[in-house]
Amino acid sequence: MDLESGSFRNQAKKESWLTVLTLAYQSLGVVYGDLSTSPLYVYKSTFAEDIQHSESNEEIFGVLSFVFWTLTLVPLIKYVFIVLRADDNGEGGTFALYSLLCRHARVGFLPNGQVADEELSTYKKDDCGGGSDGGGGGGGGGAAIRVKAILEKHKVLQQVLLILALIGTCMVIGDGVLTPAISVFSAVSGLELSMSKEHHKYVEVPVACLILVCLFALQHYGTHRVGFLFAPVVVIWLLCISSIGVYNIFHWNPSVYQALSPYYMYKFLKKTRREGWMSLGGILLCITGSEAMFADLGHFSQLSIKVAFTSFVYPSLILAYMGQAAYLSRHHVIESNYHIGFYVSVPERLRWPVLAIAILAAVVGSQSIITGTFSIIKQCSALGCFPKVKIVHTSSKIHGQIYIPEINWLLMVLCLAVTIGFRDTKRMGNASGLAVITVMLVTTCLMSLVIVLCWRRSVALALLFILFFGSIEALYFSASLIKFLEGAWVPIALSLAFLLVMYIWHYGTLKKYEFDVHNKVSINWLLSLGPSLGIVRVRGIGLIHTELVSGIPAIFSHFVTNLPAFHQVLVFLCIKSVPVPYVHASERFLIGRIGPKEYRLYRCIVRYGYHDVHADDTEFEKDLVCSIAEFIRSENSEPNGGAVDDAEVERMAVVGTTSMRVLCEEDEEVGTSETPKAKKKNKKKVRFVLPEGPTKLDSGARVEMEELMEAREAGLAFILGHSHMRAKSGSGLVKRLAIDYGYDFLRKNCRGPDYAVSVPHASTLEVGMIYHV
């Protein structure tokens, strides 16, 4: 069943416990692949510091205590019981939180917002995940009003909020580079226990690189072909490590449960001091992948993710870490670094099967983070914060299965560079840890605002949230950041590079829109040309692509000045994103008329959410024409015929294409010869079944509808603006660099607006203009 919105999907998924358990099982392969492979490298990364075990086991028990309480406080309490409730119509992730904030306070970065967007069913403000009433939380309503006023008043705070969201996004992309590298490399490192050191160093890196190349090379096939294997692999892996953990606990040290006391954390830090604090960067890796529980929320439901984690993933991980600690507590002699790795605690006769399962689990975990990276880049691109990229939907049945070729190969190159450059779990762990904890810090900051603005709780509760979880994450962040020269510089460098690209693109997009707004042509100017507009009208429908939601774009006046002819039906088409995950098909089109009916000028605003799938050109053309036809029919049914007295006032109406009965026929005529030349092209015909009886159209509306049919049969032409942006004379150095070099380079080397609207190149006319911003 293909449902339109995340809220509808979640409603359908909560019908029965059988459905919940099925989704919980499926989530194991998608959500928990990364988190479940963390036991491969946590202890190895932690004890890579200058920490030596003593016979008292205080260091080992201290690390286990940190791992236990970190897993309990962050994934279990913070994400499962709090953050998962802050969904955006069933969707989660950094942009979902930012989207919620944009709808509750005017802090958004989409310049062409309209009041009509707030009437979308998915734009609802009163029913957030927190389930709060307006006055809950001890005066939360008043606090929300005050915080909203402060954010809307100060542009600097809006910029800080935007940069914060972008930093979190960039760190997720950086994690998409680092997680496959450390997961696969750590899984392959089990070979070192079965090979000599001389042979091992020549095998480990090539094998890891080969697996990574195959992983990225298979992305374009989509995960739906092998996705049914993901959950069984993770289930087997978790059962494997938990069983080994139970064996090690009873065989080596049953008293290891004492380490669950937080007192051992205090003893660990007291004894190890600076070295213990630095080792927190390795302990941090035990929660790698926790953010996926929130980011992948749209594919499942809150309850299914909670059930999977609390009943299976969490206890399995705790048992695995306890088992490793029990083994290490009886083996204090460390001959080399790998003797504190995961595989040394595996019984020798099981090492090869466990190695094979670990590699499969690492591939599944890497696949999840790669898919998540594709998803968040799609969101950024939809909301104008990332250059246009080619998005391929690899499955027509499974929502969210996408593939971005440019990003895929970029991730592969960077991932191989990290693997070959580091060749060490310790430095990879330092890099991955900083990326992970930065995303969590961003989530904590945004959640504190969501608690006040969206859930309407008190500021005190929001401060308690950010102080408690923020202090924990800040401690780990400081321990990761201190290892800047030992690998932590990688996510910072990657994030700065992506942040620069995203901010330059966002800045250039805003400046371009501001230029369009300041230089748009008055509708009266167009109407002053007279009923015939003083221009030759040719057959067909002309679509003028513009970012404006009102007025006539300057690109059109430039076109008319140089070529005084356009189509008998002219549509000013604006395809824009709104800060919601989905827009229902019945609410997608906003249609309005420009000028009198005889001018045949329309404005069409097509609204997409950041998770919506854009229709292909054929479906889009059909929906567009049907929506205009429905607008004509609905306008005809109004008492005054929908007349607008003021030429500058456009009447916009939400139009659904389902209520207009349309008959679309596609006839394929094939000649008797089988040669390609003998085959004729498909001829598309559109015919409307015009209403009769009580809803009979008047003569004017019927003529207008018939003219629309004739124009559609004559064909559609897309008129696109090809802008060249230049900084104004006298602009500062930073602005000139950003516009003349940064934005111009990105615009030339990325997808244009024709790709965003699925425009067939044979029907495209580009009009060039220079924008001085």
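Even glycines carry a Cβ here, placed using N, Cα and C.
Positions annotated as domain 'K+ potassium transporter integral membrane' by TrEMBL: 23-527.
Among the features that TrEMBL reports, transmembrane segment is placed at 60-81 (among others).
Within the chain carrying the transmembrane segment (160-182), a Cβ under 8 angstroms from the stretch's Cβ atoms is held by residues 34, 41, 94-95, 97-98, 101, 107, 109, 151, 208, 212, 215, 288-289, 291, 295, 362, 365-366, 369-370, 372-373, 376-377, 380, 385, 411, 414-415, 418-419, 422, 425, 428-429, 431-432, 435-436, 438-439, 442-443, 445-446, 449, 490-491, 494-496, 498-499, 502-503, 506, all 6 or more beyond its ends. Annotation comment: TrEMBL describes 160-182 (among others) as transmembrane segment.
Within its own chain, the transmembrane segment (202-221) has Cβ neighbours under 8 Å at 180-181, 184-185, 188-189, 191-192, 195, 359, 363, 366-367, 370, 392, 394, 403, 405, 408-409, 411-412, 415-416, 419-420, 423, counting only residues six or more beyond its boundaries. Among the features that TrEMBL reports, transmembrane segment is placed at 202-221 (among others).
Long-range neighbours of the transmembrane segment (228-250) within the same chain, counting only residues 6 or more positions beyond its ends whose Cβ lies under 8 Å from a Cβ of the stretch, are 25-30, 32-33, 36-37, 39, 256-257, 312-313, 315-317, 319-324, 326-327, 345-347, 350, 354, 357-358, 360-361, 364, 367-368. Marked as transmembrane segment by TrEMBL: 228-250 (among others).
Taken from TrEMBL, the feature transmembrane segment covers 276-295 (among others).
According to TrEMBL, the feature transmembrane segment maps to 307-327 (among others).
What TrEMBL records for 352-377 (among others) is transmembrane segment.
Under the heading transmembrane segment, TrEMBL lists 398-422 (among others).
The transmembrane segment annotation in TrEMBL covers 434-455 (among others). The list of residues near the transmembrane segment (434-455) in space but at least 6 beyond its ends in sequence, with Cβ under 8 angstroms from a Cβ of it, reads 74, 78, 82-83, 86, 94, 97-98, 100-101, 104-105, 125, 128-132, 136-137, 140, 143-144, 147-148, 161, 164-165, 167-168, 171-172, 174-175, 178, 281, 284-285, 287-288, 290-291, 294, 461-463, 465-466, 469-470, 473-474, 476-477, 480-481, 483, 488, 491-492, 495.
Per TrEMBL, transmembrane segment is recorded for 462-482 (among others).
Annotation comment: TrEMBL describes 488-505 (among others) as transmembrane segment.
The domain 'K+ potassium transporter C-terminal' annotation in TrEMBL covers 540-772.
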Next on the checklist: As a test: from 276-295, 398-422, 462-482, pick the stretch that has the greatest number of Cβ pairs under 8 Å with the transmembrane segment (352-377).
Outcome noted: 398-422
Next on the checklist: If I count Cβ-Cβ pairs under 8 A between the transmembrane segment (462-482) and each of 60-81, 276-295, 398-422, which range comes out on top?
Outcome noted: 276-295
Checklist outcome for this item: Confidence over the domain 'K+ potassium transporter C-terminal' (540-772), expressed as mean pLDDT on the 0 to 100 scale, is 73
